[in-house]
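**Student:** Sharing a structure here in structure tokens format.
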């Protein structure tokens, strides 16, 4: 009985790895990129499936993107790893269906759905584009339409079966170093600041901002820092020159010979 309950696990693991591979290999400048909310869900399911429940402390206020990611992961609570893998696969199906429904098939490259090839091999109910679109393309797409999925060659981008890392091997700052589904900063780095400015009505101060300043801001800061040591000297150079004159001896108030005592007798006498 135990074997029957554990039999679906290898299939779920294989589908999960295929979905992770698809997200990892999506082109940055392709016709479709997952939204910020979708990437947050992918990130939280991936962390839950590989590391289990969130046990690390929440990042500080200076790391707003890290706090969004932590909140998404922590919201899953005690969801099991198998449930997280299944949720990841379900989210991948929704993304594929969204691509089919929203991206005009006549304007996309014919090899766009090649990125979903690993999913068609391991997920039977994976959403597929219309057959009229697939018929225009040769290779693996025709085999998928004909049902000959096994004849398709194994994709080289499938990752190996890595063992789930233990929570002890990850520090809080290591959470941003994963390759899979952890590219929120590359998608919309200014989204958090836009939301914060809209809420507070304040402008971003690059001196107190956790986001690195732009090249223009960095150049201005560097110029100010370079001029700082010369500020006193430059100020001194603007002062008017002061002429140094030779001191002149003051004249004697009175001649000793002319000073007399109150009695009329001269002091010299």
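First residue shown is number 1, and so on along the chain.
Using the three backbone atoms N, Cα and C, a Cβ is placed for every residue, glycine included.
Feature table excerpt (Swiss-Prot):
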{"type": "BINDING", "residues": "23-32, 43-47, 69, 88", "note": "acyl-CoA binding site"}
{"type": "COMPBIAS", "residues": "156-167", "note": "compositional bias 'Pro residues'"}
{"type": "DOMAIN", "residues": "12-101", "note": "domain 'ACB'"}
{"type": "MOD_RES", "residues": "166", "note": "phosphoserine"}
{"type": "MOD_RES", "residues": "171", "note": "phosphoserine"}
{"type": "REGION", "residues": "150-175", "note": "region 'Disordered'"}
{"type": "REGION", "residues": "195-226", "note": "region 'Disordered'"}
{"type": "REGION", "residues": "248-269", "note": "region 'Disordered'"}
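How about a rundown of where these features are and what they're close to?
**Tutor:** The local packing around residue 29 (acyl-CoA binding site), expressed as other Cβ atoms within 10 Å of its Cβ over all shown chains, amounts to 5.
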**Student:** Among 23, 26, all listed as binding-site residues, which has the most CB atoms within 10 Å of its CB?
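**Tutor:** Ranked by Cβ atoms within 10 Å, first place goes to 23.
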**Student:** Test of understanding: give the count of other CB atoms lying within 10 angstroms of the CB of residue 45 (acyl-CoA binding site).
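**Tutor:** For residue 45 (acyl-CoA binding site), the count of other Cβ atoms within 10 Å is 28.
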